[in-house]
Amino acid sequence: MSSELSETEKRKLIRERRQKKFSNGGASARLNRITGQAENSQLDTESPLDSKSSRETTPTVTKVDSNTEEMDELLENIATSPSNKVEKSQKKKEQATSPQETIDPELEIFKQLAENQQNDVSTPDLFSMLRSMKDNMAKSAATDTNPPLEPVDQQLLDYNNYLINNLKVWSIIFKWCFFLIPYLFALTRSEPISFLPEQFSNPSNFFMIFLSFEIVATSIYFQKLQNIEKSNKINGFQSNNKIVNLVSLIPEGVLPVPDIKGKVIMALQYWDVFSMFLTDICFVLVMMGLFKLI
(Lines of atoms letter the chains of each structure in order from A and count residues from 1; the text may use other names and numbers.)
(Lines give C-alpha, C1' and ligand atoms only; values in the text may rest on other atoms or scores of the structure.)
Protein backbone atom coordinates (compact mmCIF):
# COMPACT_ATOMS: atom_id res chain seq x y z
CA MET A 1 0.00 0.00 0.00
CA SER A 2 2.86 2.36 0.84
CA SER A 3 4.52 1.52 -2.47
CA GLU A 4 1.32 2.40 -4.37
CA LEU A 5 0.98 5.65 -2.48
CA SER A 6 4.52 6.56 -3.15
CA GLU A 7 3.97 5.80 -6.81
CA THR A 8 0.92 8.07 -7.02
CA GLU A 9 2.72 10.79 -5.16
CA LYS A 10 5.57 10.52 -7.61
CA ARG A 11 3.21 10.95 -10.55
CA LYS A 12 1.57 13.88 -8.86
CA LEU A 13 4.90 15.57 -8.35
CA ILE A 14 5.88 15.01 -11.98
CA ARG A 15 2.58 16.48 -13.14
CA GLU A 16 2.99 19.54 -10.95
CA ARG A 17 6.53 20.14 -12.19
CA ARG A 18 5.40 19.83 -15.79
CA GLN A 19 2.58 22.31 -15.29
CA LYS A 20 4.92 24.71 -13.57
CA LYS A 21 7.39 24.39 -16.41
CA PHE A 22 4.68 25.05 -19.00
CA SER A 23 3.41 28.05 -17.10
CA ASN A 24 6.89 29.61 -17.21
CA GLY A 25 6.99 29.49 -21.04
CA GLY A 26 8.49 26.10 -21.63
CA ALA A 27 5.58 24.77 -23.66
CA SER A 28 6.59 26.64 -26.83
CA ALA A 29 10.22 25.48 -26.62
CA ARG A 30 9.09 21.91 -26.07
CA LEU A 31 6.74 22.14 -29.06
CA ASN A 32 9.59 23.42 -31.23
CA ARG A 33 11.82 20.52 -30.18
CA ILE A 34 9.07 17.99 -30.92
CA THR A 35 8.19 19.41 -34.37
CA GLY A 36 11.82 20.20 -35.28
CA GLN A 37 11.02 23.85 -35.89
CA ALA A 38 13.95 26.25 -36.34
CA GLU A 39 14.42 29.16 -33.97
CA ASN A 40 14.22 31.93 -36.61
CA SER A 41 11.16 30.49 -38.39
CA GLN A 42 8.23 32.84 -39.07
CA LEU A 43 5.60 30.15 -38.53
CA ASP A 44 3.47 30.57 -35.46
CA THR A 45 4.36 27.75 -33.02
CA GLU A 46 3.22 29.42 -29.86
CA SER A 47 1.55 26.99 -27.58
CA PRO A 48 -1.95 27.81 -26.36
CA LEU A 49 -0.81 26.94 -22.88
CA ASP A 50 1.59 29.93 -22.82
CA SER A 51 -1.00 32.45 -24.05
CA LYS A 52 -3.85 31.16 -21.97
CA SER A 53 -3.10 33.42 -19.06
CA SER A 54 -2.58 36.54 -21.23
CA ARG A 55 -5.82 36.22 -23.19
CA GLU A 56 -8.83 38.05 -21.87
CA THR A 57 -12.34 37.02 -22.56
CA THR A 58 -14.40 39.82 -24.18
CA PRO A 59 -18.05 39.83 -23.30
CA THR A 60 -20.45 39.18 -26.21
CA VAL A 61 -22.43 42.38 -26.26
CA THR A 62 -23.10 42.60 -30.01
CA LYS A 63 -26.39 40.83 -29.76
CA VAL A 64 -27.44 42.98 -26.81
CA ASP A 65 -26.37 46.20 -28.58
CA SER A 66 -28.36 45.31 -31.70
CA ASN A 67 -31.41 44.51 -29.59
CA THR A 68 -31.19 47.84 -27.79
CA GLU A 69 -30.85 49.73 -31.11
CA GLU A 70 -33.98 48.03 -32.45
CA MET A 71 -35.86 48.94 -29.28
CA ASP A 72 -34.73 52.59 -29.62
CA GLU A 73 -35.96 52.75 -33.24
CA LEU A 74 -39.28 51.19 -32.27
CA LEU A 75 -39.80 53.72 -29.47
CA GLU A 76 -38.85 56.57 -31.80
CA ASN A 77 -41.39 55.43 -34.43
CA ILE A 78 -44.11 55.24 -31.77
CA ALA A 79 -43.24 58.70 -30.48
CA THR A 80 -43.26 60.39 -33.91
CA SER A 81 -46.62 61.60 -35.26
CA PRO A 82 -48.07 60.43 -38.65
CA SER A 83 -47.48 63.88 -40.18
CA ASN A 84 -43.77 63.64 -39.41
CA LYS A 85 -43.68 60.21 -41.01
CA VAL A 86 -45.28 61.60 -44.19
CA GLU A 87 -42.76 64.45 -44.30
CA LYS A 88 -39.86 62.03 -43.88
CA SER A 89 -41.18 59.79 -46.67
CA GLN A 90 -41.60 62.80 -48.97
CA LYS A 91 -38.04 63.91 -48.25
CA LYS A 92 -36.77 60.44 -49.06
CA LYS A 93 -38.69 60.45 -52.36
CA GLU A 94 -37.32 63.88 -53.27
CA GLN A 95 -33.80 62.72 -52.53
CA ALA A 96 -34.35 59.54 -54.55
CA THR A 97 -35.58 61.45 -57.64
CA SER A 98 -32.59 63.67 -58.21
CA PRO A 99 -32.72 66.30 -61.02
CA GLN A 100 -30.00 64.49 -62.90
CA GLU A 101 -32.40 61.68 -63.77
CA THR A 102 -34.83 64.03 -65.60
CA ILE A 103 -32.20 65.57 -67.83
CA ASP A 104 -32.43 64.53 -71.48
CA PRO A 105 -29.21 62.71 -72.46
CA GLU A 106 -29.38 64.22 -75.96
CA LEU A 107 -29.42 67.73 -74.51
CA GLU A 108 -26.44 66.86 -72.31
CA ILE A 109 -24.49 65.80 -75.41
CA PHE A 110 -25.48 69.02 -77.19
CA LYS A 111 -24.37 71.08 -74.16
CA GLN A 112 -20.99 69.39 -74.12
CA LEU A 113 -20.55 70.06 -77.84
CA ALA A 114 -21.56 73.69 -77.33
CA GLU A 115 -19.07 74.13 -74.47
CA ASN A 116 -16.31 72.72 -76.64
CA GLN A 117 -17.09 75.24 -79.39
CA GLN A 118 -17.45 78.34 -77.20
CA ASN A 119 -13.84 79.33 -77.85
CA ASP A 120 -14.31 79.19 -81.64
CA VAL A 121 -16.02 82.46 -82.70
CA SER A 122 -16.35 81.55 -86.40
CA THR A 123 -18.69 78.61 -85.79
CA PRO A 124 -22.34 79.25 -84.79
CA ASP A 125 -23.90 78.12 -81.54
CA LEU A 126 -24.29 74.40 -82.15
CA PHE A 127 -26.41 73.82 -79.05
CA SER A 128 -29.10 76.36 -80.00
CA MET A 129 -29.10 75.21 -83.61
CA LEU A 130 -29.57 71.55 -82.72
CA ARG A 131 -32.19 72.41 -80.13
CA SER A 132 -34.20 74.42 -82.67
CA MET A 133 -33.94 71.53 -85.13
CA LYS A 134 -35.25 69.15 -82.48
CA ASP A 135 -38.18 71.48 -81.66
CA ASN A 136 -39.06 71.84 -85.36
CA MET A 137 -39.01 68.07 -85.83
CA ALA A 138 -41.31 67.63 -82.83
CA LYS A 139 -43.72 70.28 -84.14
CA SER A 140 -43.79 68.77 -87.64
CA ALA A 141 -44.41 65.31 -86.19
CA ALA A 142 -47.29 66.69 -84.13
CA THR A 143 -48.88 68.47 -87.14
CA ASP A 144 -48.43 65.55 -89.54
CA THR A 145 -50.40 63.12 -87.42
CA ASN A 146 -54.04 63.40 -88.49
CA PRO A 147 -56.58 63.07 -85.68
CA PRO A 148 -58.76 59.99 -86.01
CA LEU A 149 -62.17 60.59 -87.56
CA GLU A 150 -65.20 60.13 -85.41
CA PRO A 151 -67.44 57.23 -86.45
CA VAL A 152 -70.45 58.34 -88.52
CA ASP A 153 -73.93 57.15 -87.71
CA GLN A 154 -75.04 54.75 -90.46
CA GLN A 155 -78.64 56.00 -90.44
CA LEU A 156 -77.49 59.59 -90.82
CA LEU A 157 -75.13 58.54 -93.62
CA ASP A 158 -77.94 56.73 -95.44
CA TYR A 159 -80.17 59.78 -95.10
CA ASN A 160 -77.41 62.00 -96.47
CA ASN A 161 -76.94 59.68 -99.47
CA TYR A 162 -80.69 59.70 -100.06
CA LEU A 163 -80.79 63.50 -100.17
CA ILE A 164 -77.82 63.65 -102.56
CA ASN A 165 -79.30 61.07 -104.92
CA ASN A 166 -82.65 62.86 -104.80
CA LEU A 167 -80.96 66.15 -105.66
CA LYS A 168 -79.11 64.55 -108.56
CA VAL A 169 -82.27 62.96 -109.98
CA TRP A 170 -84.31 66.17 -109.80
CA SER A 171 -81.53 68.23 -111.35
CA ILE A 172 -81.31 65.79 -114.29
CA ILE A 173 -85.09 65.77 -114.74
CA PHE A 174 -85.19 69.58 -114.69
CA LYS A 175 -82.41 69.91 -117.26
CA TRP A 176 -83.72 67.29 -119.63
CA CYS A 177 -87.46 67.88 -119.43
CA PHE A 178 -87.62 71.66 -119.05
CA PHE A 179 -84.73 72.77 -121.23
CA LEU A 180 -82.86 70.23 -123.37
CA ILE A 181 -85.80 68.34 -124.88
CA PRO A 182 -87.82 71.48 -125.83
CA TYR A 183 -84.76 73.29 -127.09
CA LEU A 184 -83.55 70.35 -129.20
CA PHE A 185 -87.07 69.81 -130.57
CA ALA A 186 -87.30 73.46 -131.65
CA LEU A 187 -83.78 73.47 -133.03
CA THR A 188 -84.27 70.38 -135.21
CA ARG A 189 -87.52 71.59 -136.81
CA SER A 190 -87.30 72.68 -140.40
CA GLU A 191 -89.80 75.48 -139.80
CA PRO A 192 -88.66 78.16 -137.33
CA ILE A 193 -90.78 78.73 -134.25
CA SER A 194 -92.06 82.26 -134.00
CA PHE A 195 -92.07 82.74 -130.22
CA LEU A 196 -88.36 81.77 -129.88
CA PRO A 197 -85.69 84.49 -130.13
CA GLU A 198 -83.45 84.39 -133.17
CA GLN A 199 -80.37 83.45 -131.09
CA PHE A 200 -82.04 80.24 -129.86
CA SER A 201 -83.32 79.23 -133.27
CA ASN A 202 -79.91 79.61 -134.91
CA PRO A 203 -78.08 76.21 -134.90
CA SER A 204 -74.67 77.91 -134.87
CA ASN A 205 -75.34 79.21 -131.34
CA PHE A 206 -76.23 75.78 -129.96
CA PHE A 207 -72.86 75.01 -128.34
CA MET A 208 -72.62 78.40 -126.60
CA ILE A 209 -76.18 78.17 -125.27
CA PHE A 210 -75.77 74.57 -124.15
CA LEU A 211 -72.45 75.28 -122.39
CA SER A 212 -73.84 78.36 -120.60
CA PHE A 213 -76.86 76.39 -119.41
CA GLU A 214 -74.66 73.55 -118.13
CA ILE A 215 -72.46 75.96 -116.18
CA VAL A 216 -75.46 77.57 -114.47
CA ALA A 217 -77.18 74.23 -113.75
CA THR A 218 -73.99 72.61 -112.45
CA SER A 219 -73.25 75.58 -110.17
CA ILE A 220 -76.74 75.37 -108.68
CA TYR A 221 -76.39 71.61 -108.18
CA PHE A 222 -72.98 71.94 -106.53
CA GLN A 223 -74.23 74.70 -104.22
CA LYS A 224 -77.20 72.57 -103.13
CA LEU A 225 -74.89 69.61 -102.55
CA GLN A 226 -72.64 71.67 -100.27
CA ASN A 227 -75.65 72.88 -98.28
CA ILE A 228 -76.84 69.30 -97.70
CA GLU A 229 -73.43 68.15 -96.47
CA LYS A 230 -73.06 71.17 -94.18
CA SER A 231 -76.50 70.68 -92.65
CA ASN A 232 -75.83 66.98 -91.98
CA LYS A 233 -72.14 67.57 -91.11
CA ILE A 234 -71.15 64.66 -93.34
CA ASN A 235 -68.82 64.54 -96.32
CA GLY A 236 -70.27 61.87 -98.59
CA PHE A 237 -67.00 61.19 -100.42
CA GLN A 238 -64.99 61.01 -97.21
CA SER A 239 -67.37 58.66 -95.41
CA ASN A 240 -68.81 56.50 -98.18
CA ASN A 241 -66.24 56.25 -100.97
CA LYS A 242 -64.01 53.19 -101.30
CA ILE A 243 -61.22 55.10 -103.05
CA VAL A 244 -60.99 57.60 -100.17
CA ASN A 245 -60.97 54.75 -97.66
CA LEU A 246 -58.06 53.11 -99.48
CA VAL A 247 -56.13 56.39 -99.70
CA SER A 248 -56.68 57.03 -95.97
CA LEU A 249 -54.72 53.85 -95.23
CA ILE A 250 -51.56 55.44 -96.66
CA PRO A 251 -49.59 57.11 -93.81
CA GLU A 252 -48.51 60.73 -94.08
CA GLY A 253 -45.03 61.29 -95.50
CA VAL A 254 -44.85 58.11 -97.60
CA LEU A 255 -45.87 59.89 -100.81
CA PRO A 256 -44.29 63.22 -101.86
CA VAL A 257 -47.76 64.80 -102.30
CA PRO A 258 -48.98 66.52 -99.10
CA ASP A 259 -52.60 66.01 -98.00
CA ILE A 260 -53.27 63.40 -100.65
CA LYS A 261 -56.60 62.48 -99.08
CA GLY A 262 -57.98 66.01 -99.45
CA LYS A 263 -56.82 66.19 -103.07
CA VAL A 264 -58.49 62.85 -103.86
CA ILE A 265 -61.77 64.08 -102.33
CA MET A 266 -61.60 67.27 -104.42
CA ALA A 267 -60.87 65.27 -107.58
CA LEU A 268 -63.86 63.00 -106.91
CA GLN A 269 -66.13 66.03 -106.47
CA TYR A 270 -64.96 67.48 -109.81
CA TRP A 271 -65.42 64.10 -111.46
CA ASP A 272 -69.00 63.92 -110.17
CA VAL A 273 -69.80 67.26 -111.78
CA PHE A 274 -67.95 66.41 -114.99
CA SER A 275 -69.73 63.04 -115.27
CA MET A 276 -73.08 64.85 -115.17
CA PHE A 277 -71.86 67.11 -117.97
CA LEU A 278 -70.84 64.08 -120.05
CA THR A 279 -74.24 62.49 -119.37
CA ASP A 280 -75.99 65.59 -120.69
CA ILE A 281 -73.86 65.60 -123.85
CA CYS A 282 -74.70 61.95 -124.51
CA PHE A 283 -78.38 62.69 -123.93
CA VAL A 284 -78.25 65.62 -126.39
CA LEU A 285 -76.68 63.46 -129.10
CA VAL A 286 -79.28 60.73 -128.63
CA MET A 287 -82.21 63.18 -128.69
CA MET A 288 -80.91 65.02 -131.76
CA GLY A 289 -80.75 61.71 -133.62
CA LEU A 290 -84.29 60.81 -132.55
CA PHE A 291 -85.71 64.21 -133.54
CA LYS A 292 -84.05 63.97 -136.94
CA LEU A 293 -85.88 60.71 -137.55
CA ILE A 294 -89.27 62.12 -136.60
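Placed from the backbone N, Cα and C atoms, the Cβ positions cover glycine too.
Going by the topological domain names that Swiss-Prot assigns, ILE14 and VAL264 belong to one and the same side of the membrane. Counting residues per DSSP class in helix, strand and coil order gives 10 helix, 0 strand, 0 coil for the compositional bias 'Basic residues' (12-21).
For the topological domain 'Cytoplasmic' (226-272), the number of residues in each DSSP class (helix H, G, I; strand E, B; coil) is 32 helix, 0 strand, 15 coil. For the transmembrane segment (273-293), the list of distant contacts is 168, 171-172, 175-176, 180-181, 184-185, 188, 210, 214, 218, 221-222: same-chain residues at least six beyond its ends, Cβ to Cβ under 8 Å. Per-residue pLDDT, averaged along the topological domain 'Cytoplasmic' (226-272), amounts to 78 for this model.
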